[in-house]
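Student: Sharing the feature lines straight out of TrEMBL:
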- LYS24, ARG25, ILE26, LEU27, ARG28, ARG172, LEU173, GLY174, ARG175, GLY176, GLY177, GLY178, TYR179, TYR180: ATP binding site (BINDING)
- ILE70, GLU77: substrate binding site (BINDING)
Amino acid sequence: MSQSNDSSNPEEKEHDLESIFQQKRILRSQVRKTLKFMDPSLRSHEDNAIQKIVLEAPWFKSSQRLCAYISCSALREVDTSKLLSQILQIPNADGDTKTRKKLYVPRVEDKNSHMRMFHISSIDDLIANSMNILEPAPVDADGNEREDVMQANEPVDLFLLPGLAFDRSGRRLGRGGGYYDTFLKKYQELAKERNWRQPLFVALSYSLQIMDEGIISATPKDMPVDALVSPSGVIPISAAALDRCA
C-alpha cells in the first residue's frame, strides 16, 4: 500500500483540511453574492413560504422546547420573525390549553466559536450587539440570570438553524466561525449524557442555497442537519427526520 493513501499521515491531513477550507471560502463567497442579488419579492415570498411550512409541521407543533436563531436581514438569512412571534405568543384564553413553547436563542460570547443559548419570553428581551444583531442579554430586566439551555433540566426537541448553503445529504455550510458546529456537538453530548432523545436539527433554506451533493466539503467537526425546510417543503435527511418529519 502506498503511504500517500494513509489518512493518518499528519501532513496529508493538514493539506486535505486546508483544501477543504479553501473550497468552503470560495463557496461562501459565491453564495453571498447570489444572496445579495436575490430578487426582494422572491426573498419575501420564500421567507413566508418557509415559515408557513414550519408553523404547520407536526414536528414543530409538538415541540415543547426549542432553540432558534434570530434572523438578521444584513446577513440575508431566512426570516424567522413570524416563527418567533408565534412561539412567544401567550396561549389563547378561549379554551386553548396548549402550553407555551419554551424558546432559547443564541448569544455569541467571544470570537473563539463560543456561543450560548438563553431562554427568552419576549422579543423585548433582545438587544442589538456591536454587529447590530439581536441577542438576549445574560440577565433579564430584573437582574436575574437567564436560563442557559446547557443548564436546563429538560431536553430541547428542536433546533432551527441558519446557514449559507446546504445539500440533501445534510451538509451545512456556515459562515466560518464554527459557532453552531461547536454548540450543536456540545448539546448532542449533553443529551447523550442525560439519556435524552436527541433534538432534530432543522435548517431553513432559500431555494438557491440548496446545492447538489458533492459541492459542499465537510470536515469531521462539521455537524450535519437532520432536515431542510425550503419553500417547496420539508426535506427529511436523517433516520430521525424520516421518522419524525415524514
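Placed from the backbone N, Cα and C atoms, the Cβ positions cover glycine too.
All annotation found in TrEMBL is predicted automatically rather than curated by experts.
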Student: Round to the nearest Å and give the CA-to-CA distance linking GLU77 (substrate binding site) with ARG28 (ATP binding site).
Tutor: 13
Student: Mind telling me which of the binding-site residues LYS24, ARG28, ARG175 has the densest Cβ neighbourhood, counting other Cβ atoms within 10 Å?
Tutor: LYS24
Student: Rounded to the nearest angstrom, how far is the Cα of ILE70 (substrate binding site) from the Cα of ARG175 (ATP binding site)?
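Tutor: Taking the Cα atoms only, ARG175 (ATP binding site) lies 15 Å from ILE70 (substrate binding site).
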Student: For ARG28 (ATP binding site) and ILE70 (substrate binding site), determine the Cα separation and express it in whole Å.
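Tutor: Cα-Cα, rounded: 20 Å.
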Student: To see if you understand the setup: which same-chain residues, six or more apart in sequence, place their Cβ under 8 Å from that of LEU173 (ATP binding site)?
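Tutor: Correct list: LYS24, LEU27, ARG28, VAL31, GLY163, LEU164, ALA165, PHE166, ILE216.
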Student: By a simple count, how many Cβ atoms lie within 10 Å of the Cβ of ILE26 (ATP binding site), its own Cβ left out?
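Tutor: Taking all protein chains shown, ILE26 (ATP binding site) has 11 Cβ neighbours within 10 Å.
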Student: Take the Cβ of GLU77 (substrate binding site) and count every other Cβ within 10 Å, whichever protein chain it belongs to.
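Tutor: Around the Cβ of GLU77 (substrate binding site), 20 other Cβ atoms lie within 10 Å.
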Student: Tell me the Cβ contacts of TYR179 (ATP binding site) under 8 Å, same chain only and six or more apart in sequence, or just say none.
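Tutor: Set apart from TYR179 (ATP binding site) by at least 6 residues yet with Cβ under 8 Å, we have PRO106, VAL108, SER113, HIS114, MET115.
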Student: If I take the alpha carbons of ILE26 (ATP binding site) and ILE70 (substrate binding site), what is the distance between them in whole Å?
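Tutor: Cα to Cα, ILE26 (ATP binding site) and ILE70 (substrate binding site) are separated by 26 Å.
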